[in-house]
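Asker: Straight out of TrEMBL:
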{"type": "ACT_SITE", "residues": "60", "note": "active site, for OMPdecase activity"}
{"type": "ACT_SITE", "residues": "62", "note": "active site, proton donor"}
{"type": "ACT_SITE", "residues": "62", "note": "active site, for OMPdecase activity"}
{"type": "ACT_SITE", "residues": "65", "note": "active site, for OMPdecase activity"}
{"type": "BINDING", "residues": "12, 34, 60-69, 117, 170-180, 193-194", "note": "substrate binding site"}
{"type": "DOMAIN", "residues": "6-209", "note": "domain 'Orotidine 5'-phosphate decarboxylase'"}
Ligand code: NUP
């Protein structure tokens, strides 16, 4: 993903018109659009084909299954035009390898969740987050997902993964995290949803977050 604005839009609206309107409004300020279950279950995977006309798409399906099922999911997502996919890592190295192999065949990216950004993200993820980060490096993933709500954890995870892998970081705004703080802690991109798409002026909010990250 080309680093221009350091902002990824989390497009968790559930209907096509709304999704395309927000995506078009903020397109000057985002490097990628992240879609997940809310939009794809609402509108089908075809929405990805439309959104890639506006910006590269990352599919946040938090893939977490056996290698063969993971492979089938990744193939569908990349055939639909997505440039990247978010997977879980707790399913183990063979499952992650399967996703990375498909991504390598398509020339796309795999981002592995390390520790989630919500309060419950510390309950089970905290003890394994660093091992998952190490595995992401060993498996040849493009990057990891780490919490903007806990910049100190982003710092820890950056130390483990080094400079080659990217950190994409959700939790800014609605979940309480600060874009500038988490970029300073070592994130490459912030992922922002509700603060942008629930705003009366999505483009203004997106611009403000970009300005804030010029740090
Ligand atoms: O740990 C994670 N936290 C998180 O919020 C991993 C994620 N993938 N996300 C996603 O980021 C979440 O599903 C949503 O799509 C986005 C954050 O949205 P918002 O809190 O800015 O609305």
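Backbone N, Cα and C atoms are what each Cβ position is placed from, and that goes for glycine too.
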Asker: I'm trying to understand the geometry here, so how far is the Cα atom of residue 117 (substrate binding site) from the Cα atom of residue 65 (active site, for OMPdecase activity), in Å to the nearest whole number?
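Answerer: That separation, Cα to Cα, works out to 21 Å.
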Asker: For residue 60 (active site, for OMPdecase activity), which DSSP three-state class applies?
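Answerer: It is in a strand.
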Asker: Applying a 10 Å Cβ distance cut-off over all chains shown, what neighbour count does residue 177 (substrate binding site) have?
Answerer: 23
Asker: Please report the number of other Cβ atoms within 10 Å of the Cβ of residue 66 (substrate binding site).
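Answerer: So the Cβ neighbour count for residue 66 (substrate binding site) comes to 12.
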Asker: Near ligand 1, which of the recorded positions show up if the criterion is a Cβ under 6 Å from one of its atoms? Options: 12, 65, 66, 117, 177.
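Answerer: Checking each Cβ against ligand 1, the ones under 6 Å are 12, 117.
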Asker: Under 8 Å between C-beta atoms and at least six apart in sequence, can you list the same-chain neighbours of residue 60 (active site, for OMPdecase activity), or say none if there are none?
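Answerer: Correct list: 10, 34, 35, 36, 37, 85, 86.
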Asker: Cα-Cα separation of residue 193 (substrate binding site) and residue 65 (active site, for OMPdecase activity), in Å?
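Answerer: Just about 26 Å between their Cα atoms.
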